[in-house]
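Visitor: Have a look at this one before I ask anything.
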Amino acid sequence: MAEAVLAIRDLCKSFGALRATENVSIDLVPGEIHALIGPNGAGKSTLIHQIAGTLKPDSGEIEFLGKPVSHIGAAERARMGLGRSFQVSSLAPEFSALRNVMLAVQSRQGTSFRFFKPVMRDAALVEPAMEALERAGLKDRARVPAAELSHGERRQLEIAIALALGSRAFLLDEPMAGMGPEGSKTLTSFLDGLRREAPILLVEHDMDAVFALADRISVLVYGRVIATGTVEEIRSDPEVRRAYLGGAE
Amino acid sequence: MKLLEIAGLETFYGASQALFGVDLDVAEGEVVALMGRNGMGKTTTIRSILAMTPARAGKVRLGGREIQAMRPHRIARLGIGLVPEGRRCFPNLTVAENLLAAARSGRWNLAEINRLFPRLEERRDQMARTLSGGEQQMLAIGRALMTNPRLLILDEATEGLAPVIRNDIWAVIRVLKAEGQSILIVDKTLSELLPSADRCVVLEKGATVWSGRPGELTPSLQDRYLGV
Amino acid sequence: MSRETAINVVLALLLLAVPFIAMQLGKPFYVTLATRMAILGLAAIGLNIALGLGGLVSFGHAAFFGIGGYAAGILASHAFSGQPLDFGLFAVPGSKLMPVIWAVAIVAGGLLAAAIGSISLRTSGVYFIMITLAFAQMTYYFAISWPAYGGEDGLSITIRNTFPGVNTLVPQNYFLICYALLVVGLVLFALLRDSRFGAALQASRQNEVRVASVGIAPFRIKLVAFVISGMITGLAGALYADLNRFVSPSMLSWHMSGEFIVLIILGGVGRLCGPLAGAMLFVMLEYILGGLTERWQFFLGLLLLGVVLFARGGLIGLLAGRARHG
Amino acid sequence: MQTALFIEQILNGLQLGVMLFLMAAGLTLIFGVMGLINLAHGSLYMVGAFACAAVAGATGSFWLGLAASLAAAAAAGALVEILVIRRLYERDHLDQVLATFALILIFSEGTRWLFGSFPLYLDIPPLLQGTVPIPGGSRYQLYRLAIISVGVAVAVGLFLLISRTRLGMRIRAGESDREMIGALGVDIRTLYTVVFALGAALAGLAGAMVGALQSVQVGMGEPVLILAFVVIVIGGIGSIKGALVGALLVGLTDTMGRILLPQLFGVFMDPSRAGLVGGAVASMLIYIVMAVILAVRPRGLFAAKG
Amino acid sequence: EPVKIGMITTLSGGGAGLGIDARDGFMLALKNAGDAASEIEVVTEDDGQKPELAVQIADKMIQSDQVDILTGIIWSNLAMAVVPSAVAQGKFYLSVNAGPSPLAGSQCNENYFNVAYQNDNFHEAMGQYANQDYQKTFILAPNYPAGTDALTGFKRFYKGELTGEVYTQLGQTDYAAEIAQIRASGADSVFMFLPGGMGIAFTKQYAQSGVDIPLMGPGFSFSQDVLGAIGDAALGVKNSGSWAKDLDNEANAKFVETFQAEYGRLPSVYAAQAYDTANLIVAAAGKASVKDADAFRAALKEADFDSVRGKFSFNTNNHPIQDIYVREVIKEGDVLTNKIVSTAFTDHKDAYAAECSLQ
Ligand SMILES: Nc1ncnc2c1ncn2[C@@H]1O[C@H](COP(=O)(O)OP(=O)(O)OP(=O)(O)O)[C@@H](O)[C@H]1O
Ligand SMILES: Nc1ncnc2c1ncn2[C@@H]1O[C@H](COP(=O)(O)OP(=O)(O)OP(=O)(O)O)[C@@H](O)[C@H]1O
Ligand SMILES: [Mg+2]
Ligand SMILES: [Mg+2]
């Protein structure tokens, strides 16, 4: 197996008496989609938050691109190439889709402390941003304020932003949520292609998508990884069926 | 007897029109599925029923009474319970307080909801904002049931739920249906929705384009209207 | 030219025209009013960078305004008395030269903003409002009870400071100086707003988490914005001191901070000419109503209320519609 | 300092704190719970004081005046809510700032219009005049003890109202999502009018009670308003408990600072200078305390975490 | 010869009472002067007690209204903002109330006349008076220049011991802590300078606290405009002033009577000082044209008018030489007012005249 892009070791996090993350070790290797599934409240989003740096773990190590990142902030991790989407879309609502993406481009290019050149006339910003929007299928909506986008379009925009960051790994928290069948199909094939650029840690409740996409699946229950394996292994794991999949799948 | 009747609903967001003539009705004890692709106006229809975004034209009747000129809380009190898109639990209230804040007496009470969603019982004194996504969804359903509505409206009530829970919720919906609860439901999971519904109404570009029994919604129609 | 740009140009020209019309009409005092509008407008432009672009509702900008004012007053008084300012280790002479005074006011405003900002920006929302107020109140009480420069009685600048090649005692000349600085402020604001920095700043206002998650640290962005904001307001303070030929703690009072906020809301938050429009309207109202009735504050209140209730987005919002972000 | 004096000063600090709390309670109720920045809260305090002084002056009864102050402030509050505030809930905080700033001007000048420019007279009711013995051998003013007890009663009452009653839940629910609580069948509009009137009545009560201690005059609300804001920010916005703790902290800090700082500076300065410097630092003290607290706990002492 | 006067005073906000009294007193004098004042025109504007606004109004009156004389300011800090630049522009300024020390000393000006008092005067008088009966005095004032000046003024003449010297916060409204200190200090008397609402609050709380150490203060804190608000708490308090309603002279009798007839209330010291100011202008205008600055200045300096304070003249620094009385708050019917009980100084001058370059 190739060298892991992202490696998490023995991560722990409690909220009071509640152990939201308990000795979690997971890794993400180039080219893969690693799905993280588990019941509601299992601690998936909490884990994503810790990896992204918006929540501080109680103990454990996070390594990204071979470097420990536990001590550095969210912004710096993002600049290193850790792209993420939020479970609930998180955008700059007054900015157009384009300007939302341009913000990521600007960050990737280095400094935000440039005071005089107008961004909208800066091809170095606009062009890569348009490209990312196009790849995410939002080119037509580039000038629409994020607040006026429909639910599905906002999810696409989150992806576009992560693309524009030139991310070396993606953390996607329920990107399919709220998408209709059509949107899910498009997004599934899009993610399928995206993994070649950078591996994806995918949190998702849409099992059709997970089974279609995942190279590996880890199952999180009550903060602990109870199983990791291929689609087939997980599908047939009786423990997983009981705790998560239930009768249907 | 029709519980809810909607005719020719037209609704605007500011200057932009979102609904161009929605017709829909729900009979007493009936489960009606409101369907359509992303952005076709399902949520807007629901908002207009409750006058959260009042319609500019058209009529809404609840139990024979015209309600489109009323304020939302009056309409809600006439017997509509809403599970809104995006959950919208009250973040600074505990689980129990969320359930109690708008409760009205009837079949559903705290004990019943706890039986339905044991997870909520475990979390009863936790602030809603610290709940996981799925927990919040359960809370939103419980909160709507606590108002003991004549008509329950569910907008994407199973979004973001684990399959087991989703199954539970569908089971709950079927129980409610069996008890004769009238329900208007929006959901993406057709495999569950179609068997549960008595009737389907399909919206496209803000207007009703098809309605009929679930069995009549053929794969070709599904492809045309829902993109399946 | 967009509608808003047109309105901005008209506003700026209108203000420029006031002194000339005033002299024609034989109402020299209107020059002073116009100067006051320009200075308050500039101070509010400073605040608008923090408040309008960055969403940092500072209720303590009077501190920067006042420190700029005191920079002018103190330097002038030392120049007047011939005694150098004693900093213990070294001493510097006072000055009556406006460019020197401005530079000192800008630096002082910036330093104070850096100090206040680095603590205040840890908080947000209403807490930010109050902690900035707290710092301003500290400077206010300090100035009141500090006897060296007059305390509550303030400090007068007997003769207005000088500018090379210009007779600043002529009101029109002083107006033009202030007007030129106002225009510089406007240009700076426009550039800043459209720049990368401005994009990051405005995004921080809308969604800080989002900004951090694309790799931009919002704290530093906001701090720099706050410092720039304090520098501009400090400069305006120095101009104001020279206009009144007087500085006093009332420049540091919370009423002053409140007035800046009012100017911005009145004109249009985050809009290029919002502060200017607000300042022009407010000074005019104050003057006209004040001349009509002793109960002018009552009617001023009613008018302001009318503006909030019926003109969303302030004057500029009313005239030019909602702002759009590319 | 002798024990008796020390105890007396502690009581003074408590009393000042409770006085601030009465003002802050209404403010935090409106401000935290309804999400509204009400700069005009000080005006409602003034309305209460004027109503009390006017009615007490006309009838000779402080108690009638007190009732009048509650009624007048509540009525003014309800009126303001219905005519102005109601249109601003969905707006930016800044619009609320401007509108309530305008209300200050209207209230101040309006009051002066009605009552003239000279301060009014209001005194402690005979029932509460005089002093009672306190531990340490000194005596303490009965009226001030009464203020302390009213403050404590209000604190307990409000705390129970907000945290234990369904009304309290609805108010808090409405704060985070007005539309949703309406869609669940709660008439949030009327509810908010009631809450606003309640907050106003508390301010009016504070004004009336404090009016007997100081001068009933136009503008009396402004300094208290700022202090009340300091209090609720220290305590954590929206928290009645925070307002109480914050108020007591501010009251004690201010009182003890005024007394002790000059003595402290007196150790190494002549008394006159120590008085000046100590007094100057004392006037900044609560702001320093607030800045320190917020620097360490950016959301106050008792803010709901989030 | 027409004379145009610009009156800048406080007519709105908390301090409006003082400004209104001053304006009313001033206008009454012009009315009483009849024909002698027929060519005097007054423009009045409200400064809202804000220095910036006062400066703006002064500029306007000088530039647009082209007034010859400015007057009316109540507060020292506003006077400091307006006076230096107004007199630098060659206008006359006549103070109806404020008398900050720089304007009496280092920054005095030939065109600045103070018809009221130098700020320290009333405090000095109280210090002088305290020597008669007291040895241990507790003194307090707000922490700002007028406050420190007040206590300095008091100490300048007081020879006894100080049991405490406290500087309170400007705008403070609760004095329980200071009163407790006073009680514990063992003082035999208290001198306080707390203007406006602060004084009302202090005096009420002092009376309510049951501390029975005698209280003294300058006249401002017990002048007619605030006595009503303090109530019986003020009874018996000794305070200093250059004027009282019962001063026995013809001008005063007329003033008090006509003021009451015209406005339905008793006049305060502010009204009296403004009344004198207006009469001074009327008298000077009768002697010289205001356009002839030197002549008019000389006419002002003569102070040839019937002062409600009895005798009145100007010192070298254009500040008053006058008697200062000790008054006591009494009740006449159910109205509180002041009665003169003794004279603290005769022909008192301020302490700053020596620093003034005018001779
Ligand atoms: N700040 C917090 N304080 C207390 N408990 C918290 C906090 N944040 C999360 N939790 C709890 O931690 C658990 C894990 O939450 P998390 O959001 O990670 O779940 P999840 O696996 O993402 O669930 P879902 O699939 O429903 O989104 C939940 O039970 C939640 O209630
Ligand atoms: N607040 C709003 N302002 C402006 N336009 C809006 C707003 N909310 C929705 N719209 C627009 O109204 C239309 C209908 O939206 P609606 O939310 O009703 O769709 P929906 O059928 O519920 O879609 P989804 O399945 O994505 O939830 C869409 O075009 C959407 O962009
Ligand atoms: Mg989650
Ligand atoms: Mg929807």
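Glycine residues also receive a Cβ, built from the backbone N, Cα and C atoms like all the rest.
Automatic, uncurated: that is what TrEMBL annotation is.
Straight from TrEMBL, here's the annotation block:
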TRANSMEM  C:7-25  transmembrane segment
TRANSMEM  C:37-57  transmembrane segment
TRANSMEM  C:62-80  transmembrane segment
TRANSMEM  C:100-119  transmembrane segment
TRANSMEM  C:126-144  transmembrane segment
TRANSMEM  C:174-192  transmembrane segment
TRANSMEM  C:223-241  transmembrane segment
TRANSMEM  C:261-285  transmembrane segment
TRANSMEM  C:297-320  transmembrane segment
Visitor: With a cut-off of 8 Å between Cβ atoms, can you find at least three pairs linking the transmembrane segment (C:7-25) to the transmembrane segment (C:261-285)? Only pairs 6 or more residues apart in sequence count.
Guide: yes
Visitor: At a threshold of under 8 Å on Cβ distances, which of C:37-57, C:62-80, C:174-192, C:223-241 pairs most often with the transmembrane segment (C:126-144)?
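Guide: Per the Cβ under 8 Å count, C:62-80.
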Visitor: Honestly, do the transmembrane segment (C:174-192) and the transmembrane segment (C:62-80) touch, with at least three Cβ pairs under 8 Å and pairs 6 or more apart in sequence?
Guide: no
Visitor: If you count every Cβ pair below 8 Å, which range out of C:100-119, C:223-241, C:261-285 shares the most with the transmembrane segment (C:62-80)?
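Guide: The stretch with the most close Cβ contacts to the transmembrane segment (C:62-80) is C:223-241.
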Visitor: Would you mind listing the long-range same-chain contacts of the transmembrane segment (C:37-57), meaning Cβ under 8 Å and 6+ residues beyond its ends?
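Guide: The answer is 15, 18, 64-65, 121, 128-129, 175, 178-179, 181-182, 185-186, 189, 192-193, 198, 201-202, 204-206, 221-222, 225-226, 228-237, 239-240, 243, 259-261, 263-264, 267, 269-271, 274-276, 278-280, 282-284.
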